[in-house]
Amino acid sequence: MRRRRRRDGFYPAPDFRHREAEDMAGVFDIDLDQPEDAGSEDELEEGGQLNESMDHGGVGPYELGMEHCEKFEISETSVNRGPEKIRPECFELLRVLGKGGYGKVFQVRKVTGANTGKIFAMKVLKKAMIVRNAKDTAHTKAERNILEEVKHPFIVDLIYAFQTGGKLYLILEYLSGGELFMQLEREGIFMEDTACFYLAEISMALGHLHQKGIIYRDLKPENIMLNHQGHVKLTDFGLCKESIHDGTVTHTFCGTIEYMAPEILMRSGHNRAVDWWSLGALMYDMLTGAPPFTGENRKKTIDKILKCKLNLPPYLTQEARDLLKKLLKRNAASRLGAGPGDAGEVQAHPFFRHINWEELLARKVEPPFKPLLQSEEDVSQFDSKFTRQTPVDSPDDSTLSESANQVFLGFTYVAPSVLESVKEKFSFEPKIRSPRRFIGSPRTPVSPVKFSPGDFWGRGASASTANPQTPVEYPMETSGIEQMDVTTSGEASAPLPIRQPNSGPYKKQAFPMISKRPEHLRMNL
C-alpha cells in the first residue's frame, strides 16, 4: 500500500489496521480483493476524507442498514478455534463390553465437540500394568500405531487415542454385531457358504495388513467382530508384528495356542505365512465346531499341532478339504499363501469360486447373518456377564514417573475423518434368523454369496482389480482320504451349490449338533 508524503516532507507511520483486517478476513473468510483500478488505491484527499469516487457497487460505505448485517460475538473461543482436546470427560460411559488383565472396554457416547452423540467403543488400559513388561508395552504401542496406519473396510477404525497420568485410551468404532465367536457358539458350526463369506472378507483384511508389512498373528473367532450390517472387522492388534516384509523372519512367541502355526511354537522363526495357517485353523473351527488340534492341556495341544495327522470330516466338500490341507501344511514354505501372491493365492482357490471380490471389498455382498438390533446402543450381541455390569472407569490415581511415561510419548491421535460426515448411516431392518438355528435343518437353503450364473470356477474380471498380483488357479489335491473317528452315520448333502459334486466313496457323517470346543474356548450364553 502506498503512503502519501506529508507536506512537511515526512511519511506518516504505517497503519497496521489494514493488515489486521486482512488477518480477521482470513478467520471469517471475507473477500478483501479490490477492483484492479489504479485510481482507487486508498487515495486520501486533504483533510483525510475518503474519495467519494470509490466504487462500492452502488452502495455507500455507511448506507447498509443493520437488517443487512449478521451479529457475531467475537471471543477467544469463536476466533481462535484450535483442535479439540480429547479427554475422558468427553465420553459418557454406557455399558461394559469386556474386561482383560490390563483394563476394560466400554460402550460410550461422545458428549462434546465433533461426533457429539455418536456411539464408540472405548478401550482403557492401565499404564502401571503395561510397563511392568517390556513386551506388553511394545504390544500396546504396536496396536495404536497399526490402527493409525491401517484403514480398510474389514479392519476396525481408530478414531481417537489419548492418555492421562495413569491410563491409555483407544476410542474405536463401535461394532454392534459383536464377536464372530458368539455366532459360532450359537450355531455350533457354519455351513460352507457362510464360512466362505467370512473367510473371504478376512483374507482381504490379512492381505492388506501384509501389504503394509504387518503380521496379524492372533487370528481367532474372539478377535473377529461384526458391524451392524454383519460385515467382518478385525480387532485387537496388540500381538501384531510391524515392519515385516518378504523374507523377514521374527521369533516372538505369541497368539492363541489352538490357532498358532507350528513354526511359532518351535521358535524357528516365522513370517506372514503364519496368518494363513491361522486362517486354516479358523476355517476348520467354523466347519467342524472345534480347532483342528486340541488337547487336555497346553502341552498336549502343542504336541498335536506339531505331530498329529489332520483329520477331516467326510461331510466336507472336496473344495473345503483341499483348501484346509493346503492352509494347514506344517512346512511354511509350501503353505498356500506363503508365495509372492500372498492373499491372491488363497483367494484363487476353488473354494472361493463364487466370490465377486470387487463387490465384496465394496461391501455389496449381503452377509449371511445380520444382527437384530433395536437401537444404535444395542449390546445384545455381547456377553451379558459384562453388559449387565455397572460401567465405572476407576479413578486415575496412579501417575507414572516422568521416565516411565517416556514410552507413551506420541500416543495421542485424532482420525482425519473426524471432521468428515459419517459415511455409513445406522439402519435397523428386521430379519428372520438363519434357518441353521433349527435342529434338523443343517443346510442353508439359499447361498448368501453372490456369483454370476454359470461362473463356477473363474474368479471374475474384477478379481485383478481387488488384488495387486493376479492370482493363479491352484489344482486341488484329490489323492488320499483322511482318517477320522466316525461316531454317527447319516447323510448330509453338500451345503455349497456345486454343478458337479464329488461322488467319491466317502463314508458320510452327520453334521455335529453339539459343540466339540474345548471348555476353555467355550462361551456361556
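Cβ from N, Cα, C; glycine included.
Per Swiss-Prot, the listed range annotated as motif 'TOS motif' is 28-32 (candidates: 28-32, 258-262, 413-417, 418-422). Between K99, K104, K516, the residue that has N6-acetyllysine written against it in Swiss-Prot is K516. When T256, T412 are compared in Swiss-Prot, the phosphothreonine annotation sits on T412. Cross-referencing T252, T301, T465 with Swiss-Prot, the residue annotated as phosphothreonine turns out to be T252. If you measure from the Cα atom of G103 (ATP binding site) to that of D218 (active site, proton acceptor), you get 19 Å. When the Cα atoms are compared, V105 (ATP binding site) and D218 (active site, proton acceptor) turn out to be 19 Å apart. In this structure the alpha carbons, written CA, of K99 (ATP binding site) and D218 (active site, proton acceptor) are 18 Å apart.
G103 (ATP binding site) carries a strand DSSP state (E or B). Calculated from their C-alpha atoms, the gap between L97 (ATP binding site) and D218 (active site, proton acceptor) amounts to 20 Å.
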